[in-house]
Amino acid sequence: MPVPDAVNRFSAPADAPLLVVLGSLNMDVVVRVPHAPAAGETLHGRSIDHLPGGKGGNQAVGCARQGGAVRMLGCVGADAHGTALRDALARDGIDTDGVRVAPATPTGVALVMVEDSGQNRIVVIPGANAAVQVAPDVLRTQLAGAAFLVLQFETPLDQVGLAMEVAAQAGCKVLLNPSPMQALPEAFWPRIDTLVVNELEAQMLSGLPVAGIADAAVAARALLSRGPVRVVVTLGGEGAVAADADGCRHHAALRVKAVDTTAAGDTFLGTLAVSLARGETFDAAVQLGIRAAALCIGRPGAQPSIPSRDEVLASPVPPAPLALP
Ligand code: RIB
């Protein structure tokens, strides 16, 4: 499909690590409001925009802008939103051959309400994302030479499971962001290389209370014992806890004025994935993720707010991580 005004600003060099992202593609309908309306309240919004989003698409863009070579697998409808989302990915140099166009289903849409504080509230209408299908042969071909398969939970869980199975057979590492949260089938655990969860997801998956850094470390250790090689619990303004066989560390967040928190987690994840694929240490990869997320939070929109590698490398460096007991 021709890509109007294709720029491929972030096309990867020949030695770039390859990442395959299987996930959702949404057109984000973003409404800026002074505050979220209460039940029965009507208020004037400040603006409305249609911006490319979806956790899968955002994470693919996050990987591409950090210099990864990226293949996107997903599904859009045969409509203007679907065309716009594919074109947006292609402009970032992402291979969209694995994005299927479903003839009779509309492209996924996310209604995103952003308050002046930068906090958001999101409702997703999955549309074509619910029609994502993993063809094992195609996935096997797509995974050849890939450092990571990146997965989230905005596409059907059985297809996520199937993709993990194929990745295991192909010897490709899996980075899972189980968002929006659902219980993880037992078979998933041993197949996860890197698990990235927020506080709420850590609490639900571990069954332990998670309120703050110390709790997050206890939950991260519990999650690590289920099979993953690495676990990250992201804590918003409190940074992140990273856990692996060497123990648990706390990474502080950078102080930024929040304009829009949408896609901050996806930006963190894409940066983490590419950095690990490049051979950075786990802690260095988490730090780069925190720097990228801080830049994202200071800008509006999902994909438009995701920074390039040069921007991340020029950004402030957070303090060194602290070992947790
Ligand atoms: O993670 C942010 C994304 O969640 C938004 O872009 C929206 O599409 C929803 O999927």
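Cβ coordinates come from backbone N, Cα and C, glycine included.
Whatever TrEMBL says is automated annotation, not expert-curated.
Quick look at what TrEMBL lists:
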type	residues	note
ACT_SITE	ASP266	active site, proton acceptor
BINDING	ASN26, MET27, ASP28, GLY54, LYS55, GLY56, GLY57, ASN58, GLU154, ASP266	substrate binding site
BINDING	ASN198, THR234, LEU235, GLY236, GLY237, GLU238, GLY239, GLY265, ASP266	ATP binding site
BINDING	ASP260, THR262, CYS296, ARG299, GLY301, SER305	K(+) binding site
COMPBIAS	316-325	compositional bias 'Pro residues'
DOMAIN	18-308	domain 'Carbohydrate kinase PfkB'
REGION	306-325	region 'Disordered'
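For the binding-site residues ASP28, GLU154, the greatest number of Cβ atoms within 10 Å around a candidate Cβ is found at ASP28.
The Cβ of CYS296 (K(+) binding site) lies under 8 Å from the Cβ of ALA263, ALA264, THR267, SER305, ILE306, PRO307, each of these being in the same chain and 6 or more residues away along the sequence. For ligand 1, the binding-site residues lying close by, meaning a CB under 6 A from one of its atoms, are LYS55; the full candidate list was LYS55, GLY239, ASP260, ARG299, SER305. Put simply, of the binding-site residues GLY237, ARG299, GLY301, the one whose Cα is nearest the Cα of GLY57 (substrate binding site) is GLY301. Within the model, the domain 'Carbohydrate kinase PfkB' (18-308) shows a mean pLDDT value of 97, rounded to a whole number. ASN198 (ATP binding site) counts 20 other C-beta atoms within 10 Å of its own C-beta, drawing on all protein chains shown.
Taking the Cα atom of each, LEU235 (ATP binding site) and ASP266 (active site, proton acceptor) are about 14 angstrom apart. ASP260 (K(+) binding site) sits 13 Å from ASP28 (substrate binding site), taking the C-alpha atoms as the reference points. DSSP assigns GLY301 (K(+) binding site) to coil in the three-state reduction, outside any helix or strand.
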